[in-house]
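Residues annotated as topological domain 'Extracellular' in Swiss-Prot, with a curator's inference given as evidence: 1-41, 99-108, 178-204, 286-301. As annotated by Swiss-Prot, region 'Disordered' applies to 1-25, 404-432. As annotated by Swiss-Prot, N-linked glycosylation site applies to ASN4, ASN11, ASN17, ASN26. Marked as transmembrane segment by Swiss-Prot on the basis of sequence analysis: 42-64, 78-98, 109-129, 158-177, 205-225, 265-285, 302-322. Taken from Swiss-Prot, the feature topological domain 'Cytoplasmic' covers 65-77, 130-157, 226-264, 323-513, and the record attributes it to a curator's inference.
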Amino acid sequence: MGHNGSWVSPNTSHPRNTSGAQAGANSSAFGELSEAQLYRQFTTTVQVVIFIGSLLGNFTVLWSTCRTTVFKSVTNRFIKNLACSGICASVVCVPFDIILSTSPHCCWWIYTMLFCKVLKFLHKVFCSVTVLSFPAIALDRYYSVLYPLERKISDAKSRELVMYIWAHAVVASVPVFAVTNVADIYATSTCTEVWSNSLGHLVYVLIYNVTTVIVPVAVVFLFLILIRRALSASQKKKVIIAALRTPQNTISIPYASQREAELHATLLSMVTVFILCSVPYATLVVYQTVLNVPNTSVFLLLTAIWLPKVSLLANPVLFLTVNRSVRKCLVGTLVQLHHRYSRRNVVSTGSGVVEPSLEPSMRSGSQLLEMFHIGQQQIFKPSEDEEESEAKYLGSTDFQAKEVLTSSPEGEESQLAPSVPPPGTVDSVSRVSPVAPVEPGIFPDKYSLQFGFGPFELPPQWLSETRNSKKRLLPPLGNTPEELIQTKVPRVSRVERKMSRNNKVSIFPKVDS
């Protein structure tokens, strides 16, 4: 029985082992699918961030180069070209790759042959323009350092160079219409699901990557090395000695300012980020084209989709952060916009109703009147005697107002008696007329019984009653602003100078006849 039991046990345990192996395989496959799905979601999120940041950053670069004159016109043209190509690549490449990364079979119309070829052509063009803009900027930097007092690249030559960049990109991208399964740096989706390898496709991939990617990047590093060598101390010494030996020839001494050094660092950082982010793309091209491996890893494919697009975001970020002059201009412009916006908020426009809770500067619509009012209060502070006299006068006027109110009949409507102006406004000719009758108890300050306030009212120190006050600030030239303005300052007699025969200056005072 034990033998039978031992014999049955392996027979019964074998199906259990096979079912366990199948369950383990299913669980591992499910784990891989879940990891791939999580990585796909991460890829989609990163591409959305790159899309928004690239558009905002490149538009900011365009705005800063158009608004400020930090760099020369030739350098600005190349930077604008790089920013425009980044915007176009972000608009054309990123959205469709986001859709394909989310769900590869969601949009069937993307896989139509005509639409796919046109889309891949635009991908190639904008990617090529972005890469070819790097050596153009490096060439401009090389000439500006080696010949700081000369202009080797004129505006016409820079326009021709930009036209060549776009023509090169278009010519290098035209074969996409003949080859369907072509992947580029910023978009790795293909027009056919089955990868077909051919000799023509291999030749095109090699020629394109050598002429449009590898050679331009090598030229950038070559120019940067030449710039570094020209700025070295030994090379400068040789140039100075040669200039001293041949003074009749004009020899330029290499020079790089702080601004140009920052631009060199920006260019080097851009190219370095581009190379590092393009490593997954290069690996994918080698796998599919050279090694002819059709079934590549999903993780490699997704990494080759999102990682090269980081350079679209890194280019404007590096340009706006590394260059101190650009950063200062950008911050200054933002501060000016903030001041202008806050000033517009302070000055209320469009509504005629004024809230009583607002400050006087907001009620008036301008801060000048409030500043004038504060200045008057600080300069013309009443003395103790003046405060006592004003208090007595206010008490007498309150008593008179009460008598008028008690003497009026009860059946009639009570009308507000015209307030007697204080002594401070008796001689004023330019007093502001009241808009509405004001009760004396609303304004408890020294101007309580004045019906209006304006910048042309006379302070108490200008009036005849307070002429002998110690706090007078003006001489007694008149009582009103008109009299003060009409007073004439005595003319100072001019002194005549005459030259004698001995070249001596004689000064004769002019006598009024």
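Our numbering is plain: 1 for the first residue shown, then up by one each step along the chain.
Quick reminder: no glycine exception, Cβ is built from N, Cα and C everywhere.
Along the topological domain 'Cytoplasmic' (226-264), the predicted structure has mean pLDDT 67.
Secondary structure of the topological domain 'Extracellular' (286-301) per DSSP (helix as H, G, I; strand as E, B; remaining residues coil): 9 helix, 0 strand, 7 coil.
If you count C-beta pairs under 8 angstroms between the transmembrane segment (302-322) and each of 42-64, 109-129, 158-177, 205-225, the highest count goes to 42-64.
Only residues 6 or more beyond the boundaries of the transmembrane segment (42-64), in the same chain, are considered here, and those with a CB under 8 A from a CB of the stretch are 70, 79-80, 83-84, 86-87, 90-91, 94-95, 97-98, 101-102, 302-303, 305-306, 309-310, 312-313, 315-317, 319-320, 326, 329-330, 333.
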